[in-house]
Amino acid sequence: MNSLLPRPRSSPAPGAVHVPGWLDPDRQRELVAACREWARGPVPMRHTRLPRGGVMSVQTVCVGWHWRPYAYSRDASDVNGARVAEFPGWLGELGRAAVAEAYQDPAAAAAYAPDTALVNFYDGAATMGMHQDKDERSGDPVVSLSIGDTCVFRFGNTETRTRPYTDVELESGDLFVFGGPSRYAFHGVPRVRPGTGDPATGLASGRLNLTLRVTGLPGP
Ligand SMILES: O=C(O)CCC(=O)C(=O)O
Ligand SMILES: [Fe+2]
């Protein structure tokens, strides 16, 4: 938080809600510690390789289900063949609390059962191009949690990867939920602002983002 006045919550599109400063400092520290463990394994955090030969600038580790472009599996055959870490119960609770906060809808929150989390780490130069989250077989909302350096999060429309879009500054502790008519909106991260995070989170530099999702795939 680098502003004098609290940042207001906003809704850049129907079904998309930004809640600034939702995670308190203790929660942020706990999440950084958990992400650090997941980054070690059983499937280590890596730069995801794209089918056409490119490599993503962010580093990613998954929990619950392993994502590779463009499908989910339990085993990370594109990394080391290991089965991904279990999706912990507390992370599901956090997801339900996030949906309750964003939509102020207890029934929608109670029904929300995320079974995967993608953990992305951005160094100062990493970006993410405009894309849709569409490898899930469920239209349930995506819950996004940010820790560390501030980024520009570009939230667009469901039709094109271009305008109209809204640029939102996601700071450490911010919650962003997109569901309903915005579930398949294009979005991306054109810029991270190095040095804006507070090292007290446990993250000396860079940005962490967790997206909780419902894969719609059969469990265990
Ligand atoms: O880092 C972010 O804020 C967005 C991440 C994202 O869009 C994704 O993992 O699909
Ligand atoms: Fe995404």
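Backbone N, Cα and C define each Cβ position, glycine as well.
Per TrEMBL, the features are as follows:
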BINDING   His131, Asp133, His187  Fe cation binding site
COMPBIAS  1-12  compositional bias 'Low complexity'
DOMAIN    113-216  domain 'Fe2OG dioxygenase'
REGION    1-21  region 'Disordered'
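For the domain 'Fe2OG dioxygenase' (113-216), the DSSP counts in helix, strand and coil order read 6 helix, 45 strand, 53 coil. When other Cβ atoms within 10 Å of the Cβ of His187 (Fe cation binding site) are tallied across all protein chains shown, the result is 28. Take the CB of His131 (Fe cation binding site) and look out to 10 A: across all protein chains shown you find 12 other CB atoms. Each residue of the region 'Disordered' (1-21) gets a DSSP state, and the totals for helix, strand and coil are 0 helix, 8 strand, 13 coil.
Taking Cβ pairs closer than 8 Å, the region 'Disordered' (1-21) reaches residues 101-103, 141, 155, 157, 166, 168, 170-171, 173-183, 185, 196 in its own chain, all 6 or more past its ends. The C-beta environment of Asp133 (Fe cation binding site), restricted to residues of the same chain at least 6 apart in sequence and closer than 8 Å, consists of Val142, Arg183, Tyr184, His187, Thr211, Arg213. The record gives His131, Asp133, His187 for Fe cation. Within 8 Å of the mean position of their Cβ atoms, the other Cβ atoms in that chain belong to Met130, Gln132, Lys134, Ala185, Phe186, Gly188.
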